[in-house]
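Here TrEMBL flags A:14-242 as domain 'ABC transmembrane type-2'. Residues or ranges marked as transmembrane segment in TrEMBL: A:21-42, A:54-73, A:94-123, A:129-149, A:161-179, A:221-239.
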C-alpha cells in the first residue's frame, strides 16, 4: 500500500468527475429535489422530520453505489485496470482511492442537501449535525464498497445498473423505512437484522428522536463501519492481477 | 542466458476451454526490437499478456529480466500498451500521463517528455475522448514509455497511423533499443516486420519461425516477408531455432 498512489488515484477520480459537469449536477441536484418533493408531498413537518433524515442517509448510499459500480466496470472493460495491474499499484491503493474520492463527493452532496433540508425545508434534527454528517459519509462509503464489490459480477453496464435495485431496494424495504422491523414476520426480521441499511435507518431515527449521541447510535455507527470495511475487503478480493 | 530479457519455455495457455498457446519456447535478447507477427487470433495478445504477467498460464515458464513474469519487482521495469488504447477517456492527455506517472513513481516532467516522444505535445490539454484513433493509441503508447522501462511490450502500437507517423514511431523504437531498451512489438502488417531485428512468426498458437528478417528471406527464397511467411506455412516446417 502506498499513500502517494492512493492520493494520486483519488485525485484522478475527482478530475474525471470534474470534467463531467452533468454528473456533478445530478449527484447534488437529484437528492435535493427529492428532499424538497418529500417535504411538500408529506406537508406535515412531523412526518418530514421522521422520514427526511432516513432519506438523507439512503441518497448517498444509492448514488455512490451506482457511480462506483459503473466507474469500476469501465475501469475493467476499458483496459485501464489491466494496465494498472502491471504497475506498482496495490489493490487497496485503488479501492481506497475510490473510497476517498467518492467520500469527498458524498460529503459535498450531503453538505448541500442537509443545508437545504435544515434551513429552507425546516427539518428538525434533535441530535448533533456532525453525527448526521458522519453517518451519511459512512453510508456513502458503504455505497462505494458495495458498488466496487458488485461491479465484479457485472459483465456490462446494463447489468451493473440492475444491481442497484437488486441489492439496495430489498434493503430499503426491509430496513424499517416503511414498516418497523419488529412488526415484520420473524424470518424477514432475521434478514433485516443482518442487512447494513437497517442500522443506517435505525441510526437516523435515533438522531431525529434523541438529543445527544445514544448508545444505540454508536452501535449502529460501528455496524455500518464494519460492513463497509467487509465490503471493501470483498471488493479487493475480486480485483485480480492475473485473469484468464 | 544473462543477455535474454524474456525467456519463455514451453508456454501453454488456455482461455475459455480453448488452447490458445500450444507450447511456445523462445528468447528475446537485450536491446533488440523483436516483432511478433501473425494473423489476428493467433495468440499474440495472449503471449504479451503472459509476458507482462496478467495472464493465467496453464504450464511452462515465462522469465522476464531474470524473474518470473508478473513479479512485484518487475512492475517498475516493464512498459505495456494494450491493443485497445487503455487511457481514461474523461481526462485530458496530460492528466492521464500525470496519473500513471504518479503510480509508477516516475519523475515530474516525465509526462511532457513522453508526450513529445510520441509527437502528441500539441494535444496535451485535449480530453482523451476527443482524440482521433491514431492520437489515442499514441497516448496509450506514451503511458508505456513513462519511467523509462527496460522492457516495452507493445501490442499493435501503429494501428490506424499514417505511414509518416508509423515511420516516426519505428524510428523511436530503434532509438530506444539503441539506449538498451528491449522491445517486443506485435503487428499484423508485414512491412513493419522488415523493421525488426528479429521476428517471431505465430500461427494458431505456435511459433512457426524465429529468425532475422534477412535469414527468413534467404531460407525461403522469397522476395518479401509476406511470401516468406506463406512459404513457411506451406512447408509446414519450423525455421530457425526451436
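Placed from the backbone N, Cα and C atoms, the Cβ positions cover glycine too.
Using a Cβ-Cβ cut-off under 8 Å and counting only residues 6 or more beyond its ends in the same chain, the transmembrane segment (A:161-179) has close neighbours at 51, 54, 58, 61-62, 65-66, 69-70, 146, 150-151, 153-154, 188, 191-192, 195-198, 200-202, 205.
Counting same-chain residues at least six beyond the ends of the transmembrane segment (A:21-42), those with a Cβ under 8 angstroms from any Cβ of the stretch are 48, 51-52, 55-56, 59-60, 63, 67, 105, 108-109, 112-113, 116-117, 120-122. Scored by C-beta pairs under 8 angstroms, the transmembrane segment (A:54-73) has its highest count with A:129-149, from the stretches A:94-123, A:129-149, A:221-239.
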